[in-house]
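Trainee: As annotated by Swiss-Prot, S-adenosyl-L-methionine binding site applies to G54, L59, L105, E106, R120.
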Amino acid sequence: MNPLLQDYARILLEWNQTHNLSGAKNLSELEPQITDALKPLEFIKDFKSCLDIGSGAGLPAIPLALEKPEVKFILLEPRIKRAAFLNYLKSVLPLKNIEIIKKRLEDYQNLLQVDLITSRAVASSSFLIEKSQRFLKDKGYFLFYKGEQLKDEIACKDTECFMHQKRVYFYKSKESLC
């Protein structure tokens, strides 16, 4: 793991002791989650902008932003302590490419258009698509980090679902929604 990702992990574990941001209690539990956040970089198309919904403890947005400093990330996180954590990360790590918005997806009224929309452990895929597609460029993609329950949430083709260990990555273009 690169040093910046190690710094992120260390800070998250420190904050986690008092703020309960993640279920991970140590680096050996957190490291696979960071690897999981970065895995889609192996198969997704290049992107210049990303909206992360329900950023929480920063997964997947912070590892992605650290690995892709040229990409603009907008992190939507409505909970105060989690937004404070994300703002702290921005102040101590080289994360000039992120903007933290303390709002729920349903309350976010910006006209922004992004290349990629990500989310991990927030809501059903169909809900996320319905509420967020207006922020996605016509040639953009959704990337949702899901578990085996994905097939119960939404119909998807094998070409839209990528598996790694127990994770299912749902990767679907906006164009294919029609």
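Yeah, the Cβs are placed from backbone N, Cα and C, and that goes for glycine too.
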Trainee: Translate the DSSP assignment of R120 (S-adenosyl-L-methionine binding site) into the three-state scheme.
Mentor: strand
Trainee: Relative to the Cβ position of G54 (S-adenosyl-L-methionine binding site), how many further Cβ atoms are located within 10 Å?
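Mentor: Other Cβ atoms found within 10 Å: 20.
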Trainee: On a simple 10 Å Cβ count over all chains shown, which one of the binding-site residues L59, L105 is most densely packed?
Mentor: L59
Trainee: Have a look around R120 (S-adenosyl-L-methionine binding site) and count the other CB atoms within 10 A of its CB, chains all included.
Mentor: 22
